[in-house]
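Working notes, beginning with the structure itself.
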Amino acid sequence: MGGLQGFHNYTHLPWWASIILSTILMRGLLTFPLAVFQQYIMAKVENLKPEMEELVKELKKEMAVAIKKYNWDLKYARNVYNRSAQKIWRGLILRENCHPFKATVLLWVQIPLWVALSMSFRNMASMMPHQDALAQVVFMELSTGGLAWIPNLTDVDHSLILPVLMGVTNLVITEVNVLSRVDTGSRLQSFATNLFRFISVALIPISATVPSCITLYWVTSSVCALVQNLALMHPSVKRACGVPIAPSEQPHPYQHIRNQFIKKLSRRKKQEKEEEEETEVSQKEEKELRKQERSFSLSGKNKGWTKR
């Protein structure tokens, strides 16, 4: 909180500009290098997979020879094979110094930073934890340091522009990540995608109840994340940041996202058309059944009259 106040006093900008600029600087100086490091580790791990596949083929041949030579049963041979494969993989990871856990450093830094800054803005907007003269000054500056439709940054955004913008931006980030994939993804990835979609929508009513200074920070952070993700998809940006080429890298990532989006829309339209056709067929079948039932009932009545 003191750092935000010091940045505001140093720049002499209104609070809305100080929030946006400080968020961009923290994203650029802290989380962007970590995102580059994440891409670097993931690319190196992916580049090890072809070598691992060749080593696994040799290991399988050795296991087949060992089973015949030493009369190993399948259970024992499977255990030896699994231990050997894990040892080979650990050796490759140590050789390249690219343990997959290192790719999660961005997550462990970004989430605490997001929570800490959100709490700092909340404290400033509510004069917490101490309602002294400095807290009152900051509160008054926030009350008059807004822009356009949010002149008071200590109040909620009654227009709901910022909450909706934040939710839409987070949904776009999620969908861009889905469309940028080469494969369909695992069940865990599908679960994570649906979870992020739910969180993006759930944050809209939550952000509508917090001071607009917090929502402005959340929107700025989400927009920076979207720009950062799109930038790190481009091969030239990756090469400039030292990220090695990986097999899954797309030479034209934005065109790939566009094509995947068009395919997704066409599949949905096709499904909707098929559902409409199925409903039409079922309705026609129901009409035919009703006609047959009516004809049977009329024929039964006619037979009854003739008998009489």
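Any Cβ shown, glycine's included, is placed from N, Cα and C.
Whatever TrEMBL says is automated annotation, not expert-curated.
Small disclaimer: the values here were computed from a predicted structure and weren't measured.
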For the coiled coil entry in TrEMBL, name the matching range from 42-69, 70-97, 182-209.
42-69
Near the coiled coil (42-69), which same-chain residues lie under 8 Å Cβ to Cβ, leaving out any that are not at least 6 residues past its ends?
77, 80-81, 84-85, 88-89, 92-93, 96, 98, 100, 103, 238, 243-249
Just to be sure I understand, if DSSP states are collapsed into helix, strand and coil, how many residues of the compositional bias 'Basic and acidic residues' (281-294) fall in each?
14 helix, 0 strand, 0 coil
